[in-house]
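If you check Swiss-Prot, you get these features:
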type	residues	note
ACT_SITE	Y59	active site, proton donor
BINDING	F210, P211, L212, G213, G214, F215, T216, P217, L218	NADP(+) binding site
Amino acid sequence: MSSNTFTLGTKSVNRLGYGAMQLAGPGVFGPPRDRHVAITVLREALALGVNHIDTSDFYGPHVTNQIIREALYPYSDDLTIVTKIGARRGEDASWLPAFSPAELQKAVHDNLRNLGLDVLDVVNLRVMMGDGHGPAEGSIEASLTVLAEMQQQGLVKHIGLSNVTPTQVAEARKIAEIVCVQNEYNIAHRADDAMIDALAHDGIAYVPFFPLGGFTPLQSSTLSDVAASLGATPMQVALAWLLQRSPNILLIPGTSSVAHLRENMAAEKLHLSEEVLSTLDGISRE
């Protein structure tokens with residue numbers, strides 16, 4: 001069984017963290033329906049052992065960071081807050097690239113201000129190339145150099161990447177030390193298998209998003225059947241599979257519900273047998 005912790009930057013974090021995206025309003029735009037509930041979810045997450053929170057100032061925009069500050073400031077020493085830059089929101093709630101030096105610098109300062117911090121623990125460069133929905137090839141040298149300069153200025157402790165290809169990871173590692181990569185990955189969507197193993201070899205965290213994303217009905221049925229046999233939810237099984245997939249995988253499931261938060265956190269105690277793992281591994285081939 002893999003360890004329940006992994007080093008992210010210079011801190012050891014619990015591998016089951018929390019993603020704050022769903023704390024904003026519908027479509028990750030505007031304020032939440034109930035700010036008090038959002039604050040309660042964050043405080044309960046820490047009470048359940050979460051010490052790794054994933055956020056961004058373009059969630060809302062500004063909303064999730066402001067709620068995190070209201071709920072948790074002053075922050076405990078063992079809490080790692082990871083944020084992202086490289087995108088912005090249009091007035092119509094669209095997601096737009098924000099890769100110019102001025103936009104990247106503004107994003108870092110917006111995150112600092114709204115989180116109430118003098119330095120950011122980890123900043124992921126969110127890459128939006130091609131259609132912006134999945135990784136696409138293209139140089140990220142210019143953008144990463146801007147982020148590395150802000151690291152040298154003391155505004156950012158550690159640098160990560162999001163929505164990137166293996167070629168971009170290699171390019172980035174020539175410019176700065178990379179502590180994490182955040183891409184889409186789950187039982188059904190396993191394009192990053194080789195990347196995960198390579199990053200694990202080098203002690204770099206891999207943070208998958210959309211743990212139930214991109215499933216066909218057949219794949220969902222298989223997962224549901226496995227979950228039912230274990231007395232668990234499909235999400236719990238999907239999260240448990242990820243935890244057992246590789247020791248460098250850190251999870252950031254998001255929710256705006258305390259009940260769902262508790263369900264997600266219970267996945268840490270769910271051990272999947274070799275037989276169950278084999279069945280789940282077959283999902284990506286269906």
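Here the Cβ of each residue, glycine as well, is placed from N, Cα and C on the backbone.
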Using a 10 Å radius on the Cβ of L212 (NADP(+) binding site), the other Cβ atoms enclosed count 17
G214 (NADP(+) binding site) to Y59 (active site, proton donor), Cα to Cα, whole Å, comes out at 22
The rounded CA-CA distance in Å from Y59 (active site, proton donor) to T216 (NADP(+) binding site) is 28
Ranked by how many other Cβ atoms lie within 10 Å of their Cβ, the recorded positions Y59, F210 are led by Y59
In chain order, residues whose C-beta lies under 8 angstroms from the C-beta of T216 (NADP(+) binding site), counting only those at least six residues away in the same chain, are A188, E286
Cβ-Cβ distance under 8 Å, sequence separation of 6 or more, same chain as L218 (NADP(+) binding site); the residues meeting this, in order, are E286
One finds that other Cβ atoms within 10 Å of the Cβ of G214 (NADP(+) binding site) number exactly 12
